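Reading through the structure tokens given below for one structure.
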Amino acid sequence: MKAIFALRQAVASQLKKSTASSHPLPRTTASTSQDETIWQKIHRSRFVRIAHPPVMLGITVVSLTGVVGYRFYNQPQLSVGTESPYTIYAPEDGSFVDERTTEEKRKEVRAGTIPRLQRDNELTAQLKQERSQYLDAINQLRYLAGTFPYIDTKIFTLEQQHLLRSLGPGEWQQLEDYISYGQPLPMASPQLAKLQQLFDQQKATTSPETMAGLLTSIRTAQDRYGRVTARLAEVKADRQITNNQIGALKLDGPTWQTTQQTIIQVHDRILTQGLPAGITAPLLGETVQLHLRNILPPQAHQVAENSLNNLLKDKYNLTVDKEATKNLAEKAVLAMENVKVSAEKNSVIVRAGEVITQEQFVLLDGYGLSQRQVNWQGLLRTAGLVGGALIIFCGVSRRIHRPLRRRDHILLCLLSVSTPVLFLLDPVYNNLPAISLLTSSFYGPTLAITQVVLVGGLSAFAMESIVWEYLLGSAAAALLAGMIASKLRSRDELALLGVGVGATQGIVYLFTYLIVNASAVTIIWYTALPSAIVYGLLGLAWSAMAIGVSPYLERLFDVVTPTRLVELSNPNCPLLQRLAKEAPGTFQHTLFVACLAESAARELRCNVELVRTGTLYHDIGKMHDPLGFIENQMGGPNKHDEINDPYVSVDIIKKHVSEGLVMARRYGLPQVVRDFIPEHQGQMLISYFYIQAKEAAERAGEPPVNEEEFRYTGPIPQSRETGIVMLADSCEAALRSLREANPETAMAMVNRIFKARWRDNQLQDSGLKYEELPIIADVFVRVWQQFHHQRIAYPKAALDVQVTSPSTTRF
């Protein structure tokens, strides 16, 4: 018996070695050759694990310090704003260009260029159309009001006739009663009293028949004028325009025709000369009065003046000719001479104790007297600033439980260094939005936003003079990309985000430029707007570049984006199709575990896409021997009963982890997805075969069974996502077996499993808190209830097929 036991132990040991050789640690690359095995040993060595963090930190600090502190490599000791330690004389005659002052002058010239204007034909046609509509409305009102004057002006003047037809019904009735019956006017208004005297004079010189005709004409005119007032009330026109139209009704026909033609001519003349935007009302009024001087009688003049002021108020037909303005500005810049600073031999450049000015610095630097050298203090300050930024970044990474690998450190270092480099070359072409979009897609929004703030600050420190419009524009666009990119699930959504990034970058640039250059706000739009559009297009271009380079970075640095995870979770992927075909029971088990884990991940705000994808691939290793797992036996004989050896059986079970890793590497699955294969089992005890072996050893009087041989080799879950999948995988079989149980029974079983995993220290490195376990348990039971919902039983008669017509029966 002891010999049999020794042989069994040897076989098991050999199988274990075979398994271990194909099951390296999850953070390493697959290896088959002896050289690769040596590399893996070095990679996993304690020395490398201890030395890597400080070495990588040092490389990152040196790289960023070298870029951010570039201006300290050759920095003048005698610069603008410093005191000269001694009096310095010009060694010879010299003249040097002041580049800084020259560039400032060029900016002033560009900003101060008076814009070229051009007449906009569309706006001109639109204003003429508005004029036609305005005059047509007056003509329609005059038509409704009828002929004016409606009585001979020798009898009543135009003003008196307009007053008579505009009387209200009550006032006219009082006046008519007085004229016809001699009834006195009660409390007559001044205008009624005036009309009373007028009719007294007419009655004295006019026959009753003529007076009756006059009254009839007045009533007709009042009726027609009432329609006019009703029309004006219906359209609810602007009160000022209404008054102008009523004023036009007071003119007789010939006078109105002359007034109308004058309005058209003056309006055309002003539009031909050009009407600029922003002209004030007093200035517009003076222009109109100048054109109308001594042309019309007083009342018609007032109608024309008011009409023109209303037609032209807040209107314009002159727009900026952007191309001509830009060319004019560039010509002015080219015509401008460089600002030069000159000095004669032995003349004093700066005296001892005097603060050096820009002009003096140009001379010192031109003569080579500015004492340029490496500013070690500046470099040390830069290194301290970079080190502090890295500490903050690492602290945030640990805070959100986002462990980073060596290749992650390298990628983040390269991305972070690229931005200050581009800022130094030209702030216009900085790639802050691109690195934010990539970091957010690979590592989440928190790290992306942290990186944007820190790298943006370092880039600002790297520049000798901060160009705020470029820095703030790119930073705002980068923050937008960092917040949103990790939530997008398709290339189309990322492309739309790129448009938003470009628009944000251009808009923030424009407003920052306006704030910084507020002194030239009247003409700044014409020079800043084209630059803002170009800068916005650059933001779009960086986003497109980030989207395009993302798949290559995913492969090169073994990182994933949400889009990549969605693609991997597609059931049409070759590996998932193989799993569904070769191990259908395992595939169904995987789907149920995915439902459990995904729901829990969503509840705990974990990476749902990663959990879904990792769960779908966590048991692919079972394809190496599908019948070795009960879910694939479909009610057939149990393979392990035929083997009847717990050591062989446990090696078959454990091998699904090592073989799964081999398959995952062969199909190019990312590391974060491969991590689910070993970590979902952790170092759990395969208790069924352990107890079987233990009982067999006790019956045979053999030495105690080594428990480690019946445990998975691990590692235990290293993230919240793999920890959730471990719990879901452990509970799946137990919940599936509960068909008629109530939720309380299911909850009790889930809690027992959770406590067993917690006490076995399987979750200690996962980041899951003990207080979160009841939340996960509640989610699991809720999903179980959804799967095992009750359905009504169909009556037997409903299942019987009744043939009504042979011709309609199909088999």
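Heads up, the Cβ atoms here are built off N, Cα and C, so glycines get one too.
Per Swiss-Prot, the feature domain 'HD' maps to 586-734; the stated evidence is sequence analysis. Sequence annotations record features per position, and here Swiss-Prot assigns region 'Disordered' to 16-35. Annotated transmembrane segment per Swiss-Prot: 50-70, 376-396, 409-429, 442-462, 466-486, 496-516, 529-549, in sequence order.
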Residues outside the transmembrane segment (466-486) whose C-beta sits under 8 Å from one of its C-beta atoms, at least 6 past its ends, are 423, 427-428, 430, 432-433, 435-437, 439-441, 444-445, 448-449, 451-452, 456, 459-460, 494, 497, 500-502, 504-506, 508-509, 512-513, 516, 535, 539, 543, 562
Residues in the domain 'HD' (586-734) per DSSP class, helix first, strand next, coil last, are 106 helix, 2 strand, 41 coil
Is it the case that the transmembrane segment (376-396) and the transmembrane segment (529-549) have 3 or more CB pairs under 8 Å, with pairs at least 6 apart in sequence? no
For the transmembrane segment (442-462), the candidate among 50-70, 496-516, 529-549 having the most Cβ pairs under 8 Å is 50-70
Sequence-distant residues near the transmembrane segment (529-549) by C-beta distance (under 8 Å, 6 or more away from its ends) are 322, 326, 428-429, 431, 433-435, 437-438, 470, 473-474, 477, 481, 491, 494-495, 497-499, 501-507, 509-510, 513
Confidence over the domain 'HD' (586-734), expressed as mean pLDDT on the 0 to 100 scale, is 90
